[in-house]
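Q: Supplied in C-alpha cells, the structure appears directly below.
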Amino acid sequence: MTFWSCLFYTLANIVAVFLHWLYQREKAQLEQNGASNDDKDHSNSISSSGTIRYFNDNNNAYKNKKRFFTTASSVASFLGVSSNKNNNFFAFEDHFFNFEDVAKACRRAGLETCGLIVGVDFSASNEWQGRKTFSGQNLHAVASKGKVMNPYQKVISIIGRTLESFDEDNLIPAFGFGDSVSKGRSVFSFKDRTAAEKAGSHGGGLGERLRLWGRRGRGAAGGGEGGEFGGHTPCKGFSEVLQQYEDIAQSITLGGPTDFAPIIHKAVEIVKKLKKYHILIVIADGQVVEQLSTAQAIVEASYFPLSIVMVGVGDGPWDTMEQFDDLLPERHFDNFQFVNFHAVVEKNRKQTEANFALHAMMEIPYQYKTIKALGYLD
C-alpha cells in the first residue's frame with residue numbers, strides 16, 4: 001500500500017469518526033432540549049381528509065437537522081468506516097466505491113438473498129414533471145436506439161446491477177400502475193401486458209388479448225391464481241424488466257390518479273405467499289394524490305418482511321415522500337426509504353450510479369436486521 005493510500009485511509013476514518021461524534025453530540029443536545037419528546041408528542045398522523053399533517057416549524061427544523069446527521073452517520077456505518085472493528089475498508093468518498101462495495105455492505109448485515117419486486121408509475125403527471133430534470137421531456141420518453149436513457153430506465157438499470165445477485169431464482173415481478181386503465185385501483189404485469197399486445201398485433205382477438213393480459217400465469221413462473229407471484233408472470237432478470245418497460249412506455253396511455261397502495265398490496269401478497277424477504281422498488285414522479293390509502297398501505301406492509309424503496313424521478317416537490325419516510329409512527333418498523341434520484345445525481349457527477357445505489361440501499365441492512373429480530377422470517 002502506497003504512502004498516499006495509507007494517508008487517505010487514515011483521513012477518511014478520522015472524518016467518519018468525527019461525523020459519528022458530531023451526530024451523537026447533536027442528538028444528545030436535541031434530547032436535552034426536549035426535541036425528541038416533542039417529536040413523539042407531535043408525531044404525524046393521518047387525517048380524515050386523506051392528507052398528512054405537517055409538523056410545526058420547530059419540529060420541521062429538528063427533523064431536517066436530524067436527517068442530516070443521521071444520513072452522515074449512516075453513510076459511514078453502511079460503508080464500514082465508522083469504526084475500526086473490521087479490517088475491510090470502504091472509502092467514505094463516493095468516487096472510491098462501486099456496486100460491489102454496496103452489495104458487500106448489505107452482505108455484512110447478513111443479507112445473502114432476497115426477492116425483488118419493481119413498480120413503475122405511469123400517471124399523467126410524468127408528462128410535465130421533466131421540465132427541469134429531463135429537458136422538458138416526458139419522463140417516459142424512450143429515445144430511438146437507446147441513445148439516451150430516461151430517468152426510469154436509468155434507475156432500473158442501476159438497481160438491477162446492484163441487487164440482481166441477491167435474487168437466486170432471477171425471477172422479478174414487475175408491475176405498472178397509474179395508467180389510463182389501471183388508474184389508482186390496480187396494477188398490471190409488465191410481461192403479461194406485452195404478451196397481450198403482441199397477441200393483438202398478430203391478429204389475436206379481444207378475448208385472447210384479455211386472457212393474456214389478465215392471465216393466471218401457468219407453471220413455476222406464474223403458478224396459477226394461487227401462484228407464487230399473485231397470478232402474474234415475472235420477468236427473467238433486470239435486463240428483461242428494462243426491455244419490457246421500454247416496450248410498454250412507447251405504447252401506454254398515461255392516466256391517474258397516483259396511488260402507491262395497489263403496488264404495495266401486490267408486493268405484500270407476493271411476500272405472504274413466498275414467506276421470504278423482499279425489496280419493493282417503486283419508481284415514480286412523486287405526485288401522490290391518494291395520500292391516505294398510500295400511508296395506510298405502508299403501515300400495513302410493516303407487518304411483513306418487506307422493505308420499500310421509493311425512488312423519486314422528475315422535478316418534485318418531494319414533501320409527501322419525505323413524510324412517508326419519516327412521519328408514520330404507526331408502523332411496526334421503519335420500512336420505507338425515499339431517494340430523490342436527481343438530487344443524488346447532482347451532488348456527485350463523478351460516480352453517479354454507485355452514489356445512487358448507496359443512497360437507495362442505505363437502510364436495507366438495518367431493515368433486514370429488524371425484520372429478523374421481529375421474527376417475520378421464522
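Numbers here mean position along the shown chain, with the first residue as 1.
Including glycine, each Cβ sits where the backbone N, Cα and C put it.
Below, the features straight out of TrEMBL:
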SIGNAL    1-16  signal peptide
TRANSMEM  6-23  transmembrane segment
DOMAIN    139-187  domain 'Copine C-terminal'
DOMAIN    233-374  domain 'Copine C-terminal'
Q: In the domain 'Copine C-terminal' (233-374), how many residues does DSSP assign to helix, to strand and to coil?
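A: The composition, in the requested order, is 73 helix, 23 strand, 46 coil.
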Q: What is the pLDDT of the domain 'Copine C-terminal' (139-187) when averaged and given as a whole number?
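A: In the predicted model, the domain 'Copine C-terminal' (139-187) has a mean pLDDT of 89.
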Q: Counting by DSSP, what is the helix, strand and coil composition of the domain 'Copine C-terminal' (139-187)?
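A: Grouping H, G, I as helix and E, B as strand yields 19 helix, 7 strand, 23 coil.
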